[in-house]
Ligand code: NAD
């Protein structure tokens with residue numbers, strides 16, 4: 001199946017923080033792939049902006065290096081790279097000062113879609129919005145793309161929302177959560193709302209529980225000092241994992257329209273119950289000596305007294321008619337056994353077994369895999385083939401997007417490139433609205449405040465393991481078990 005590419009309107013995209021890690025590793029390579037796919041009209045232009053005093057030629061050389069490092073070799077076509085680099089300009093600006101804004105204004109066209117991608121430190125987001133306004137860069141056709149983290153608690157998120165709202169309308173603000181840009185995540189909505197099969201079963205009567213896992217094999221590495229101020233709850237649960245939970249738990253929106261979808265997600269966030277202490281397990285990785293692959297968390301964080309969690313597991317309840325009685329178990333952590341992200345929906349037992357030998361019986365599980373190998377897999381029971389009576393066996397109905405949609409999966413756009421094209425198209429469905437972000441913090445804040453007030457210490461877990469012992473117990477005590485963490 002070859003995906004159709006519909007070109008977007010001409011645009012000026014300004015990547016602010018264009019010399020930084022995110023721009024070089026994700027944004028610019030992603031834009032090249034969209035160029036290669038034919039999604040950019042000839043008039044589309046990309047402007048890098050950052051503090052470094054670079055010539056346009058030097059910035060283009062930097063982008064060429066970024067493409068060489070971060071684009072699949074099969075997609076590195078010299079003529080296309082040259083054509084892509086021709087779209088690119090550079091302006092040196094200082095978000096905290098006056099330098100460069102006049103040159104930036106002069107470089108932009110008044111009559112095309114204009115987008116500013118805020119790929120600078122989160123402490124600069126508010127100031128940057130003010131600068132754009134002050135220098136007359138915010139036209140009615142302007143959108144801003146705001147990176148994560150969006151605040152570190154409800155108060156800071158509200159303050160940032162207020163600053164952005166002073167200069168931009170909500171329909172111009174694109175708060176990015178790259179998890180929502182993944183093919184599988186959108187497919188979750190297609191599976192739920194474009195098929196009749198699942199929706200009648202999609203409730204506490206038929207679903208036993210839901211597991212959401214985002215496991216990383218790497219530690220906090222060079223970002224230790226930054227991460228230590230945040231932790232897994234703020235860094236992963238408040239945003240990415242809650243967004244995934246919302247897509248599973250939300251009611252069908254009346255239409256696939258940005259506000260209709262986001263209204264339904266917001267209702268889920270508002271229905272989240274406070275999480276009591278016994279339903280939370282926090283952990284910190286430790287590396288036994290000699291440590292293959294690195295040191296322990298305290299060393300990586302540069303803070304021997306740190307109480308920040310590099311792992312968290314929680315049992316979450318959504319208090320509404322559909323979900324009361326079905327727990328959502330969330331877990332995420334660093335330095336775990338493998339890098340994997342998935343949602344697993346475990347259905348209940350049939351009400352009565354007609355088979356004498358039900359030893360092979362297992363629950364139906366719908367697994368939505370975000371990485372690696374994006375795809376959906378439904379585990380169903382069948383008869384074991386061959387003579388010898390009716391023996392049951394579970395088999396996966398596998399829909400791997402890589403094989404279903406492209407020769408080798410390389411045609412599946414990366415989350416960032418898909419989301420940037422949505423920005424240009426003016427489609428906010430996959431971006432978080434201000435009230436959603438605030439509601440998510442309103443749920444998160446008291447959980448964090450409670451463990452801080454108790455002075456809880458995270459439980460150590462071995463680097464390369466599946467997480468702390470207590471996290472296993474969180475499931476065992478409910479007669480359930482986590483799925484194995486593996487690639
Ligand atoms: P970085 O430190 O590598 O890059 C920051 C960029 O901002 C550089 O280009 C720098 O020149 C520019 N900059 C700094 N101060 C400036 C100023 N006063 N005026 C103009 N430009 C200035 O950071 P990063 O890792 O690329 O992250 C960028 C944003 O993306 C951050 O908000 C981060 O939280 C978010 N983010 C990054 C990643 C990632 O993988 N790197 C992932 C998720 C979110």
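Even glycines carry a Cβ here, placed using N, Cα and C.
Curation plays no part in TrEMBL annotations; they are all automatic predictions.
Per TrEMBL, active site, proton acceptor is recorded for 240. Here TrEMBL flags 51, 94, 95, 148 as NADP(+) binding site. The substrate binding site feature in TrEMBL is assigned to 178, 182, 216, 235, 334. The annotation domain 'Glucose-6-phosphate dehydrogenase NAD-binding' is assigned in TrEMBL to 14-187. As annotated by TrEMBL, domain 'Glucose-6-phosphate dehydrogenase C-terminal' applies to 189-483.
TrEMBL feature annotations superimposed on the structure.
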residue : record                       : DSSP (3 states)
51      : NADP(+) binding site         : coil
94      : NADP(+) binding site         : coil
148     : NADP(+) binding site         : coil
178     : substrate binding site       : helix
216     : substrate binding site       : coil
235     : substrate binding site       : helix
240     : active site, proton acceptor : helix
334     : substrate binding site       : coil
Close-lying binding-site residues around ligand 1 among 51, 178, 182, 235, where CB distance stays under 6 Å: 51
Residue with minimal Cβ packing [other Cβ atoms within 10 Å] among the binding-site residues 178, 182: 178
Distance from residue 240 (active site, proton acceptor) back to residue 182 (substrate binding site), taken between C-alpha atoms, in Å: 11
Most Cβ neighbours inside 10 Å, all chains, among the recorded positions 51, 148, 240, 334: 334
Spatial neighbour of the residue listed as 'active site, proton acceptor' that is closest, considering only the binding-site residues 51, 94, 148, 334 and their CA atoms: 148
Most distant Cα pair in Å, residues 178, 182, 216, 235, 334 binding substrate: 21
Site with most surrounding Cβ atoms, counting all protein chains shown within 10 Å, from the binding-site residues 94, 216: 216
Of 51, 94, 148, i.e. the binding-site residues, those within 10 Å of residue 178 (substrate binding site) when Cα atoms are compared: 148
Residue 95 (NADP(+) binding site) versus residue 235 (substrate binding site) - Cα distance in angstrom: 25
Distance [Cα-Cα, Å, rounded] between residue 94 (NADP(+) binding site) and residue 216 (substrate binding site): 34
The domain 'Glucose-6-phosphate dehydrogenase NAD-binding' (14-187) [mean pLDDT, rounded to integer]: 96
Around the Cβ of residue 95 (NADP(+) binding site), the count of other Cβ atoms that are within 10 Å: 24
